[in-house]
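Provided herewith is a single structure, encoded as structure tokens, for subsequent inquiry.
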Amino acid sequence: MDKLADLNYTLSVITLMNDTLHSIIQDPGMAYFTYIASVLTVLFTLHKASIPTMKIALKTSKCSYKVIKYCIVTIINTLLRLAGYKEQVTTKDEIEQQMDRIVKEMRRQLEMIDKLTTREIEQVELLKSIHDNLITRSVDVIDMSKEFNQKNIKTLDEWESGRNPYEPSEVTASM
């Protein structure tokens with residue numbers, strides 16, 4: 001286990017792989033050498049990272065199937081990202097979690113729509129009652145005794161000087 005996580009051991013294996021590749025491929029003009037070396041380096045790094053992680057996870061976890069499935073899905077997603085794909089591989093558990101989240105969000109939106117619909121119905125009923133109260137009813141005789149502007153009306157006899165103060169008078173101006 002110590003040998004798997006040792007940095008010097010990892011670097012020596014990478015150096016050994018590079019030396020082996022250089023000795024196999026003597027042609028300096030080979031165009032695909034860098035790509036082959038990159039892929040082999042990535043595969044080796046995945047191997048070095050996944051094996052100890054999986055061993056530790058299997059020892060500490062009670063459900064080894066889920067751990068192995070999760071590790072394999074993670075490795076496949078990493079390889080897909082390295083290849084340039086945007087898609088990801090998902091497990092059924094992740095799909096079920098996403099579906100539960102979507103269903104929960106749909107329920108929340110339906111409850112909100114129901115609340116809004118109830119409020120709109122209440123507003124329409126309120127507007128109808130306001131409209132019913134505002135409808136003018138025809139009255140034969142209008143009682144003016146309660147009107148604001150009719151309380152202080154004085155007749156011509158009740159005025160002090162006997163003339164209407166609101167009536168315009170003639171004004172002469174000197175020139």
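Don't overthink the numbers, they just go from 1 along the chain as shown.
Using the three backbone atoms N, Cα and C, a Cβ is placed for every residue, glycine included.
What Swiss-Prot records for this protein is below:
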type: BINDING; residues: E120, Q123; note: Ca(2+) binding site
type: CARBOHYD; residues: N8; note: N-linked glycosylation site
type: CARBOHYD; residues: N18; note: N-linked glycosylation site
type: TOPO_DOM; residues: 1-28; note: topological domain 'Lumenal'
type: TOPO_DOM; residues: 52-175; note: topological domain 'Cytoplasmic'
type: TRANSMEM; residues: 29-51; note: transmembrane segment
On a simple 10 Å Cβ count over all chains shown, which one of the recorded positions N18, Q123 is most densely packed?
N18
If you measure Q123 (Ca(2+) binding site) to N18 (N-linked glycosylation site) at Cα, how many Å is it?
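The separation of the Cα atoms works out to 77 Å.
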Please report the Cα separation of E120 (Ca(2+) binding site) and N18 (N-linked glycosylation site) in Å, rounded to an integer.
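Cα to Cα, E120 (Ca(2+) binding site) and N18 (N-linked glycosylation site) are separated by 73 Å.
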Would you count the other C-beta atoms found within 10 angstroms of the C-beta of E120 (Ca(2+) binding site) for me?
10
Averaged over the topological domain 'Cytoplasmic' (52-175), what pLDDT does the predicted model reach?
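Averaging the confidence scores along the topological domain 'Cytoplasmic' (52-175) gives 75.
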